[in-house]
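Asker: A single structure is presented below for examination.
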Amino acid sequence: MAILSIVSIFAAEKSYSIPPASNKLLASPALNPLYDAKADAEINVWCDEFLKLQPGSEKSVFIRESRLGLLAAYAYPSISYEKIVPVAKFIAWLFLADDILDNPEISSSDMRNVATAYKMVFKGRFDEAALLVKNQELLRQVKMLSEVLKELSLHLVDKSGRFMNSMTKVLDMFEIESNWLHKQIVPNLDTYMWLREITSGVAPCFAMLDGLLQLGLEERGVLDHPLIRKVEEIGTHHIALHNDLISFRKEWAKGNYLNAVPILASIHKCGLNEAIAMLASMVEDLEKEFIGTKQEIISSGLARKQGVMDYVNGVEVWMAANAEWGWLSARYHGIGWIPPPEKSGTFQL
């Protein structure tokens, strides 16, 4: 089904409903108690500075109501205050950088240069990165990222380079995603998930679980175990697809069809609400699969290895945190968003 066909079918339905979850399978997310009003204000000020926003402006209010730092506070509920602030800045940067690299007002050459500069900064090569970026505003943002990474490196053990390498892949995939959008390529679901599981930015966030908690799983080869790989794959797909479910309306309004909803509609030649229901069902199936895999890890004896259950539970917390934050944040819903208590609702296209 071509994009124009999907557009006409979706337009005819005009609205869609996200159903409530039929079963509560994941652990309820708990907010890091150290992420207080002071930490939240620090993240908001950093975001304003990164985007050069006037406090109180519409964009600044939107960023505050998006509560980007809150995702870090839910996803890493047990880390110290010294860690949670740079982690929250990094996660906020992930969202802001995604917006910047999607900005049609930035020239393609500037876009390529800043993407390359970001990769170099993750490798600790800021001086070289600075030579690439001619746009002074983009250069200022690259420098701010470099400062966050220096702060983060004081707390994040990354001997294997897993965090750095996974972020390089994310930035590479952002460029591929941009190319697909420009050419209006409609991939099949497997190809889309190959892209989405990387552009979602989940891999570096899972790497931080190992590094921040200093579990040493990567160095001990534990992450190569098939059951751990399966847990990571399920968690990554769940986070990416739940995000697609929540962000669909915003992405569709921007003309971004690289979302699981239109991809499913294209594959199954179905309408909007049917595609939404399919996606919601896929998310729940992933939760069931995660719980089953977690039980396998326990019964196999793998859980007795030091740090394994800290990591597995950390992935589960990330899944639940992303789902919770998606309903709380105004990022996908707009200023003045009031989260529905049942985490379900009907939305107008």
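Here the Cβ of each residue, glycine as well, is placed from N, Cα and C on the backbone.
Keep in mind the model is a prediction, meaning the values are calculated, not measured.
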Asker: Scan 18-22, 98-102, 143-147 against Swiss-Prot and say which stretch is down as motif 'DDXXD motif'.
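Answerer: Going through 18-22, 98-102, 143-147 one by one, Swiss-Prot flags 98-102 as motif 'DDXXD motif'.
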Asker: Using C-alpha atoms only, work out the spacing between SER247 (Mg(2+) 3 binding site) and ASP98 (Mg(2+) 1 binding site) and round it to an integer in Å.
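Answerer: About 14 Å separates the two Cα atoms.
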Asker: Going by DSSP assignments with H, G and I as helix and E and B as strand, what are the residue counts for the motif 'DDXXD motif' (98-102)?
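Answerer: Helix/strand/coil tally for the motif 'DDXXD motif' (98-102): 4 helix, 0 strand, 1 coil.
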Asker: Output, ordered by sequence, the same-chain residues six or more apart from ASP102 (Mg(2+) 1 binding site) with a CB under 8 Å from its CB, or 'none'.
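Answerer: The list for ASP102 (Mg(2+) 1 binding site) reads SER178, LYS254, ASN256, given in order along the sequence.
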Asker: To see if you understand the setup: which same-chain residues, six or more apart in sequence, place their Cβ under 8 Å from that of ASN243 (Mg(2+) 3 binding site)?
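Answerer: Same-chain residues close to ASN243 (Mg(2+) 3 binding site) (Cβ under 8 Å, separated by 6 or more) are SER200, ASN322, GLY326.
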Asker: Translate the DSSP assignment of SER247 (Mg(2+) 3 binding site) into the three-state scheme.
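Answerer: SER247 (Mg(2+) 3 binding site) sits in a helix per DSSP.
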